[in-house]
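Residues or ranges marked as substrate binding site by Swiss-Prot on the basis of sequence analysis: THR240, GLN262, HIS265, HIS333, ASP366, GLU420, HIS425. Look at Swiss-Prot and you will find GLN262, HIS265, ASP366, HIS425 tagged as Zn(2+) binding site. Residues or ranges marked as active site, proton acceptor in Swiss-Prot: GLU332, HIS333.
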Amino acid sequence: MISRIDLRGDALPEGSALRDLLPRADFDVSAALEKVRPICEAVHHRGDAALIDFAEKFDGVRLESVRVPARALADALEQLDPAVRAALEESIRRARLVHREQRRTTHTTQVVPGGSVTEKWVPVDRVGLYAPGGRSVYPSSVVMNVVPAQEAGVESIALASPAQAEFGGLPHPTILAACALLGVDEVYAAGGATAVAMFAYGTESCAPADMVTGPGNIWVAAAKRYFTGKIGIDAEAGPTEIAVLADSTADPVHVASDLISQAEHDPLAAAVLVTDSVELADAVEKELEPQVAATKHIDDRIVPALKGRQSAIVLVDGVDEGLRVVDAYGAEHLEIQTADAAAVADRVRNAGAIFIGPWAPVSLGDYAAGSNHVLPTGGCACHSSGLSVQSFLRGIHIVDYTKDALADVAHHVVTLAEAEDLPAHGAAIKARFGWKVPESK
């Protein structure tokens with residue numbers, strides 16, 4: 001059901017040579033970019049009318065309005081299953097605890113007497129958040145996007161999720177209920193690239209946003225790339241990934257269940273086990289069969305994901321080699337199921353999120369650990385981070401110098417300006433001192 005890659009025996013290659021040996025999904029955003037271009041431009045030129053036409057084309061429902069009425073949000077919350085409401089409320093509570101601690105404070109550094117630099121953190125004015133609604137419905141993604149934006153102090157928050165024909169063109173009621181729980185009352189029935197374009201350009205119903213965040217399919221990722229430079233984005237999120245670094249102490253039942261848990265997202269989802277134990281590899285492979293047979297989404301998601309080129313059991317000589325492999329892979333989710341798992345986890349450099357030991361499965365992080373589940377995919381964990389309060393903040397440097405403080409460093413500024421052949425830069429200093437360079441004290 002899942003392939004094997006044997007990296008034992010020979011020394012592991014370095015850098016890209018090692019990455020090329022590891023499984024990865026085919027996820028070509030560049031190819032999708034040309035297909036989303038006309039969609040985005042239609043929204044630009046036709047506004048709400050284009051959104052309504054695309055909802056009919058892609059979602060099979062003709063909308064009267066893309067803006068979700070307040071009554072629909074209230075009704076969705078009122079009709080929400082009490083157990084689901086309690087679970088969402090706990091997820092929100094835990095997420096707030098973690099994200100509130102991420103707030104940044106203004107800090108001033110006195111560089112010299114009379115000269116200081118202050119770093120002030122300012123939230124983005126307006127954000128557009130996206131919650132997918134394709135194969136599955138993700139109210140948890142509403143929580144993971146809204147909470148850090150709110151804790152960052154963003155004043156204007158809008159959310160989009162695809163129109164559902166089953167619900168009269170509204171987004172899924174659980175999505176709407178999650179919005180109501182979080183106090184988000186600006187919600188739109190728009191999906192995929194159309195939602196990103198709506199937030200980027202603005203329409204008659206929706207003011208443009210400064211930033212768009214949230215997971216989605218390849219069309220969402222392509223639209224984000226299309227608008228890079230015009231608006232801020234969190235990341236071009238691809239199919240979900242789990243990597244498990246495990247040794248002989250790991251429970252194969254746990255490992256198999258965790259691999260399956262992420263494979264059920266998408267046929268392109270990646271499930272990777274890295275281990276130095278052939279016995280564990282055999283046991284996990286054997287355990288996959290009955291667990292897969294006992295769950296849902298077998299033929300359309302789980303089996304294609306596990307059998308795909310993006311999933312594998314990778315055999316290594318030891319935990320040290322396993323660490324090199326998982327760092328080269330840069331998984332969205334990385335579980336450490338080894339002896340002394342915390343110490344091993346401390347050595348990891350590249351991962352979207354790390355889950356330590358047998359009692360911290362990825363599913364916990366998906367819903368209620370308090371961490372954020374909007375994470376870098378496709379190996380981007382080597383340079384990117386998951387969604388956080390920081391994602392919605394901008395650091396502004398405030399420079400405050402007295403005349404004496406400027407005079408003390410003026411000759412250095414002029415020297416560097418002349419070295420770069422930018423004499424007007426130096427002149428801006430000289431102009432303040434009678435067109436002379438003051439002597440430093």
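Cβ atoms here come from the backbone N, Cα and C positions, even for glycine.
Within the same chain, no residue at least six positions away from GLU420 (substrate binding site) has a Cβ under 8 Å of its Cβ. For the binding-site residues THR240, GLN262, HIS265, HIS425, a Cα to Cα distance of within 10 angstroms from GLU332 (active site, proton acceptor) holds for THR240.
Residues within less than 8 Å, Cβ to Cβ, of HIS333 (substrate binding site) and separated from it by at least 6 positions along the same chain comprise THR240, GLU241, ILE242, ALA243, GLN262, ALA351, GLY352, ALA353, PHE355, VAL362, GLY365, LEU375. In this structure, the recorded positions GLU332, ASP366 were compared by how many other Cβ atoms lie within 10 Å of their Cβ, and the smallest count belongs to ASP366. It is HIS425, among the binding-site residues HIS265, HIS425, whose Cβ has the fewest other Cβ atoms within 10 Å in the structure shown.
HIS265 (substrate binding site) carries neither a helix nor a strand DSSP state and counts as coil. Neighbours of GLN262 (substrate binding site), defined as other CB atoms within 10 A of its CB across all chains, total 27.
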